[in-house]
């Protein structure tokens with residue numbers, strides 16, 4: 001059964017009915033993503049606490065806080081690690097195979113999660129340096145998870161529901177954020193019940209109980225649990241058939257691996273793989289001609305989206321304080337502050353973040369990637385401008401709820417939109433032997449955008465009047481102008497989306513032009529031999 005000269009084992013995967021192994025793959029890849037999100041986002045729950053414990057100033061009116069450069073380092077160092085990890089492990093995943101590298105990234109995440117909670121010494125500088133060191137390597141492991149999870153899921157999935165499966169892996173990120181928030185709520189509540197402390201304004205030193213130092217360590221270290229639990233299952237998962245057949249050139253092995261997985265007989269066809277002669281590399285003219293614009297499209301859209309997406313952390317604190325979810329710091333003790341911040345983040349995740357992801361899972365194979373991404377960027381642009389232009393109107397006490405609703409909608413359409421699709425598409429449109437590398441490059445561009453969003457806007461959004469800016473920051477362009485800039489960035493994302501092809505319902509080999517007769521013929525041939533076999 002040779003379908004248009006396509007390997008039977010790949011065809012079997014493409015037309016397989018949705019079955020149990022698809023869900024185990026989602027869970028195995030998804031738990032990695034759950035951990036990634038938990039680890040990346042849980043730091044924002046405890047930065048305030050770190051400031052109170054290690055940067056307390058006697059006699060100050062408000063609690064200690066991390067100096068701007070320390071705060072940027074603690075929050076941002078994991079991003080730098082992630083960026084490096086995406087490039088390195090993406091490349092390695094194409095060199096050594098998905099499965100080998102997958103176990104390595106997980107181990108790295110487990111070790112560094114635990115180590116980041118063990119940051120030694122009571123001297124603030126030493127704690128911050130060791131924390132940053134291990135957060136960097138934790139990020140490095142997390143970075144490897146991006147290209148590998150996406151690639152493994154896309155290579156295991158069938159044609160009809162591939163988008164939904166990859167998006168489901170990504171949607172576990174929402175649960176990771178939720179899990180981090182809920183866990184921090186439980187821990188801080190338990191510690192509050194056991195160790196009573198007065199608010200900061202009553203007793204500045206007594207408001208931070210010595211046991212509070214355990215809270216942030218426990219929150220960071222629990223990130224190792226979900227990863228450790230899936231380690232065994234990751235080792236048992238066979239290498240993906242597409243890697244074995246198309247990259248390692250072992251069709252027989254691929255057939256026997258997938259017969260076990262699909263629980264059906266697949267005959268091995270050794271003779272068919274010999275024919276591929278042209279193997280263009282990442283930097284070749286041939287790649288530029290075929291996939292150059294695609295790669296430009298996936299990198300730019302992910303970059304632009306993440307600027308907007310990660311700038312949210314900026315406004316979150318102000319918004320929570322503004323609508324009274326988080327009272328002013330001096331009226332709380334240290335643990336109470338962790339509790340309130342975690343509660344606010346969890347509510348936002350429940351109401352706008354998580355639903356957005358699952359909307360994408362539900363609709364991506366119906367509407368297609370392209371439509372969802374365009375729609376998402378369009379609405380994000382609209383809502384950003386709607387927040388920015390009448391910004392002075394939103395500041396008033398009576399209009400705050402409106403602001404939060406608009407703000408939540410912006411991020412609902414990020415997740416039911418480009419945040420999910422920019423993750424799905426790069427795993428589908430490139431040839432197997434470059435797939436994880438290209439996904440890694442796209443994801444790294446995204447992380448670069450995340451850094452611009454998280455730190456560029458920290459400085460940009462400061463008040464134009466230096467006296468009113470946060471302690472230690474120079475004057476910026478103000479929140480209103482920052483929102484306008486973000487609106488423009490989203491509009492650019494809308495335009496760059498036009499470079500990315502639609503992959504809904506097509507086989508991976510059809511998208512990358514890998515199953516034509518002369519090994520890899522003209523890309524045009526692949527579209528004519530369309531999927532109606």
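For all residues, glycine too, the Cβ spot is worked out from N, Cα and C.
Remember, it's a predicted structure, so these values are computed and weren't measured experimentally.
Per TrEMBL, transmembrane segment is recorded for 20-46 (among others).
According to TrEMBL, the feature domain 'Major facilitator superfamily (MFS) profile' maps to 25-505.
Annotation comment: TrEMBL describes 101-120 (among others) as transmembrane segment.
Positions annotated as transmembrane segment by TrEMBL: 126-144 (among others).
Annotated transmembrane segment per TrEMBL: 165-194 (among others), in sequence order.
The transmembrane segment annotation in TrEMBL covers 214-233 (among others).
Residues annotated as transmembrane segment in TrEMBL: 347-364 (among others). Cβ atoms under 8 Å from those of the transmembrane segment (347-364) belong to residues 163-164, 167-168, 170-171, 173-175, 177-178, 181, 316, 325, 372, 408-409, 411-417, 419-421, 424, 504 of the same chain, restricted to positions at least 6 beyond its ends.
Residues of the same chain lying 6 or more positions beyond the ends of the transmembrane segment (370-389) and with a Cβ under 8 Å from any Cβ of it are 301, 305, 308, 360, 363-364, 403, 406-407, 409-410, 413-414, 416-422, 425, 480-481, 483-484, 486-487, 490-491, 493-494, 497, 500-502. Residues or ranges marked as transmembrane segment by TrEMBL: 370-389 (among others).
Residues annotated as transmembrane segment in TrEMBL: 401-420 (among others). Note on the transmembrane segment (401-420): residues 167, 170-171, 174, 301-302, 305, 308-309, 312, 315, 319, 322-323, 348, 351-353, 355-357, 359-361, 363-364, 372-373, 375-377, 379-380, 383-384, 386-387, 394, 493, 497 of its chain, located 6 or more positions outside it, place their CB under 8 angstroms from a CB of the stretch.
A Cβ distance under 8 Å defines the sequence-distant neighbours of the transmembrane segment (440-461), meaning residues of its chain 6+ beyond its ends; these are 68, 72, 75-76, 79-80, 82-83, 86-91, 93, 143, 146-147, 295, 298-300, 302-311, 313-315, 422-423, 426, 473-474, 476-479, 481-482, 485-486. The annotation transmembrane segment is assigned in TrEMBL to 440-461 (among others).
Counting residues 6+ beyond its ends, the transmembrane segment (482-501) has Cβ neighbours under 8 Å at 293-294, 296-298, 300-301, 304-305, 307-308, 311, 314, 369-370, 373-374, 377-378, 380-381, 384-385, 387-389, 391, 418, 425, 429, 457, 460-461, 476, 511 in the same chain. The transmembrane segment annotation in TrEMBL covers 482-501 (among others).
Residues annotated as region 'Disordered' in TrEMBL: 507-533.
Per TrEMBL, compositional bias 'Low complexity' is recorded for 520-533.
Taking every listed stretch (101-120, 126-144, 165-194) in turn, the largest tally of C-beta pairs under 8 A with the transmembrane segment (214-233) is reached by 101-120.
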